[in-house]
Amino acid sequence: MKKIAVLIIIIAFALMSAYGQNDSAPIEPKCKLEVEDVKNDGGTKAEVYITPQNNPEEVDEYNLKIFSEFEGQKRKLKDIKIINNQKRIRIPVNTDNVNTNVIAEVYVQQEGQSVKINSASVKTKGAWFDIKLINSFVAAIFFISLIMYLVSRARKGGSLFVRKIPGLEEIDNAVGRATEMGKPVFYIPGLSTIRDVATIASLNILRSVGQKVAHYATPLKVLNRDPVVLGVAQEVVHEAYLSAGRPDLYNEDDVYFAAGSQFAFASVAQGAMVREKPGAVFLLGMFWAESLILAETANSVGAIQIAGTDATAQIPFFIASCDYTLIGEELYAASAYLSRAPKLLGTLKAQDYFKAVLLAVTILALITNLIGIDFIIDYILK
Amino acid sequence: MGTILWSTFAVFLTLSIFSFLIKDNPFYKFAEHLFAGISVGYLVVITFTQIFIPRVWKPLMNSIDTGNILRSAFLIIGVFIGLLYLSRASNKYSWLSRYPISIVVGFGSGFAIAPSLNARVLKQLHSTVVEDGQSLLNIQKIIAFFRDPSFSSLYNATYGPLLVIGVLVVLIYFFFSFKNDNPVIKYTRTPALLYMMVGFGAAFGYTFMARISLFVDRMNFILNRWWPLIQNKLM
Amino acid sequence: MNWEKIGDFLLSFKKKSIYLGMFILVSIPLIMKMSTRTYITEEVESIYDKVEEVYEYNQENPNDKQAIFVSIDFAPSSKAETSPMLNALLRHAFMRDIPVLGWAGVRTAADYGIERLNSVAKEYGKKYGEDYIYLGIAYPFLQAVLSLNSDVRIFSSTDYYGTDTYEIPIMKQFHSYNNIGLLVSISSTSLSELYIQYSNTLFDQDVAAGVTAVNAARLYPYLQSDQLVGMMGGLKGAAEYEQLVNKLEKKVIGEDVKNYLREFYKKKDPSEYEKKYYEPKFTETQLINKMNSRKLARMGMSSQAVAHFYVIILIIIANVGYFIKRKYE
């Protein structure tokens, strides 16, 4: 009986002391705080991770403050309440400068006071090389070396095959028909400047048209909008007539400046077409909203029209109203085919090879993706 | 009063331009030339006040004031190289204009190559293989169509394969290294043209919509902004 | 029956009568002030959702707000399609108290852009320099886009009005992609593609575009590849966004917007507002214009729909005529 009484007393004491301990020692607010620099960026970003380590009953919310410190200047970036759900939370941080100290501090409310329980910091670093774009870098290097190799091969006289564009024989037909009807040929090398690839391609085709026209002694009119293009066009036509052995037929005034502004040009060209009734009209180069005005007028005077542009929005109008249209890249290909200029030929060939590689990679990616291998789409095409 | 005057003038110009639909006439010519003249004048002024002053003059004065010699030197050198463009006017010194051109072109292409390759080629091909993490050649969707043939399951089943085929045949269409009678070129030509024509048709429809919008806006201006103004004044 | 004559007749409509028909058909819905309801497409709704996302983020993080960057890349000559988009987008942002930064991508947009910003800001009592800012022309364009990655104040040392950008309050927090939740290029040019190419590809910035219908077809591939958050194409896209914003306005402001606007500045101290940007009161004409601007695109769409029907019928007539003629010739 005594023993039992002693036991009860001991248990009672133990319980009381346990209770008393609970009462006197307060819970310790804890959390895990990680501050990490974002790799592979310009050097301004960091990430803060906070993982609460108390039960929600013990601490229901934490207060996270994030500061940036650059050249001694400390600035508060964020001041966030983190509700304790015992999960790891990611907070992205952006600073304004590279090499900034990002400082994170966690506070908890205790007895009406905010108490700092944890802090961490990191210095942001900038990367010299953007790993994310390495696929583009490799592709660019590959493409550029392809161009350089093929251009140099074309320069050395290596044979580079380019197939004939179906529209090209139409050029001969058009010039031939204009000659039969005894009507002039009109050529408009687009409305853009000499810096536009389409303009350059068009001027190459103009050379070949000029030779044919000179051969048949058919009058040729070239209407220009840009003064620099005008100068080049005059030179090109003159040279074409020379190479065809008919420099006597060349008249500088036939290659002329029509107008500087877009729609003024369109109305001048329209007027000229209505007055002179050309047998063939070439609209090759860069065109904008005036495309339909030009094509429709040429159609109304009964001319054969060959058009070509890389302006996607204008191709439909040309297709609807012209006899033959060179679509997009066909314009460049036609110019390379006709001029045989090494630079153009080499570039066109390089594009072809590059396209072939991309096509192969895409097909491979499609197949591997179907069987569950994502290597290509994750690392090459991304 | 000023508003009415200017609005009426705008209406007059709009109608002058529309009058071209009947016949080329002096009103149209007047409006066209006025527009051309004003655009050039406006651009000259805006270039001076909104580009030269804030981008060159003010920063230069600022950096001289604060003694930032490096920055002012950069600006002065930049302006000097830019001015070399004007050498085109002289036959003897026009070669100098190549310096600014080479800097602009060099920076422009160097800066553009990697991102444009990424944005316009690689990412586009990526989305030819997968969309939202799912393969475009999704056999499950085709099976789903046969199990439950409906309009939406047909769309789901064909959308991906049609897109993939379209990209491949159009890419092959612009392939110039094979002869025209090469079977790959020969048999993909018609489908490629078909795809392109559908694309051009869509572009055409959109362009038509744009042109009509311009007309609608002008008519809206005349009927719903200018006319109420006149009505208020007269009544 | 004389088929050949019928074919000839079907092809014999004079251009002038076709124009006249278009003129009359487009005018009727405008005179009747008809505005259509349109269905909402996914690409427009995703821009709206993204702006709402920015709003919600700002609500949760009042110390770390995100702004919306608007690039005004259109000349006033294409304002018919683009201005309603800009209007609707700015109204959405201002209604949701989202800071707005803007510049002009093309030179001809310089003055028009600030005029639009001030005009819409006035409807919501937003203050220049605190709630929105306009940086003038982004020239040279590539350098401008690049500078947004670090600090645009280095590139653009003054704003449109010539104030030092380091002294403008809103610029202290918002000056780089870091604090831009969404970049929207409202464009009649190809600049929106350049934003995809640089801002999105290099700096992972979310980009959306509002483009004229001519450019819309070209941007669809970018939507499919998720390089664009969303796109408003032509007047139709503008009408959709307008409809979404009007619905939101009814929820936030209430049914009687006109009365709300009429009373708006009566309760406020006019000295708070600088007259340089806008006059803090609405005249009756202005109120009518403001109300009209809320259905600008949708009003245009009713005329547009009629015009499209008209052209479809003309295309069918001409094709039938063409086939009959070819068959019997």
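Note that Cβ sites are derived from N, Cα and C of the backbone, with glycine treated the same way.
As stated in TrEMBL, the feature transmembrane segment covers range B:99-117 out of the listed B:99-117, B:213-231. Sequence-distant neighbours of the transmembrane segment (B:34-57) (same chain, 6+ residues past either end, Cβ-Cβ under 8 Å): 13, 75, 79. Counting Cβ pairs under 8 Å that are 6 or more residues apart, the transmembrane segment (B:99-117) and the transmembrane segment (B:69-87) reach 3 or more and are in contact. Long-range neighbours of the transmembrane segment (B:69-87) within the same chain, counting only residues 6 or more positions beyond its ends whose Cβ lies under 8 Å from a Cβ of the stretch, are 56, 59-60, 63, 93-97, 99-101, 103.
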